[in-house]
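Written out below as structure tokens is the structure these notes cover.
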Amino acid sequence: MVENIIELRDISKHYEELTVLDNFNLDIKKNEFLTLLGPSGCGKTTTLKIIAGFEYADDGKVLFEGKEINNLPPYERQVNTVFQKYALFPHMDVYENVAFGLKIKKTPKDVIDAKVKEVLKLVALEGFERRQVESLSGGQQQRIAIARALVNEPKVLLLDEPLGALDLKLRQEMQIELKRIQKKLGITFVFVTHDQEEALTMSDTIVVMYKGKIQQMGTPQDIYNEPKNSFVAKFIGESNIFDGIMIEDYKVNFCNRDFECVDKGFEKNENIEVVIRPEDIKMVKPEEGMLKGKVTSTVFKGVHYEIELNENGRLWILHNTKNAEVGTELGMDIYPEDIHIMRKENN
């Protein structure tokens, strides 16, 4: 059985009248890359700060390897944090920045030298010891910040939107680099972001948050392919969402016709919501489609065209490598495995 390294139990946090975390529970496993994903104000950074000890919960318990650490100050917790603002010391070179925490602990110089060299090699900056941090690129500075956190050998590394200030290409490179570092070290990473691509690319587990609550927790594949509610479906990628009725196991009705699906376990004639991803819709001739509609707009997105279709007053979004002409009629085919059923939310 996989052991949890961090457990949050019934955590609540309020700022005056605002509830940031509401009876929040989360288990974080040893050696996993877990991402807290959600829009601004959902509580993800507050969760990270409570784990780090920079904020204290109003109610609930924080457990580290089974022991409560609610009142433990940050410097006594076996975690280190990397922020979007790297907070490097501009008057120090790379070596001095990375070694800073070890010097505070009065670590012997030969041990510091060995650890700094080892961690700079890990972040692919071997030989940069005497470079001034101001001479480094944004990506290199981010690696130094990560090296400074890792040199203390924490059991958990907390990362609060650390790639937000980087340009797209560098951000994508750092996503791969962070995952490589985490796998090599085998320690727990807890990563905070509002960027869905970052979460899907790097994570073993994604925790989707909204208004201080967990909406869904699972693998990237589970979160993307089987969203539990309309918030998750809309937040993770683009989605076509329609009201429907679950006629029986493996059969659903939406858009005024019956479809085969792969879902079961619903009540007969239960009101549900249907999610279909734009890339899962097959474009066919109008007479060959399960549904058909008129093209209202197309946009070139680089790797595909985004096509908007009006089907009996309902807006559909399709992604296809082939374009379609505005005003023409298209058919749509949808395979059973591409129809995802969600229970209707109680509003």
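Glycine residues also receive a Cβ, built from the backbone N, Cα and C atoms like all the rest.
Annotation comment: Swiss-Prot describes 6-236 as domain 'ABC transporter', evidence class sequence analysis.
Here the Cβ of Thr45 (ATP binding site) has 20 other Cβ atoms within 10 Å, regardless of which shown protein chain they belong to. Per Swiss-Prot, the feature ATP binding site maps to Gly38, Pro39, Ser40, Gly41, Cys42, Gly43, Lys44, Thr45.
Cβ atoms within 8 Å of the centroid of the Cβ atoms of Gly38, Pro39, Ser40, Gly41, Cys42, Gly43, Lys44, Thr45 (the ATP site) belong to the same-chain residues His194, Met209, Tyr210, site residues excluded.
A count of other CB atoms within 10 A of each Cβ picks out Gly43 as the most crowded of the binding-site residues Pro39, Gly41, Gly43. Averaged over the domain 'ABC transporter' (6-236), the predicted model reaches a pLDDT of 93. Taken residue by residue with DSSP, Ser40 (ATP binding site) is part of neither helix nor strand, so it is coil.
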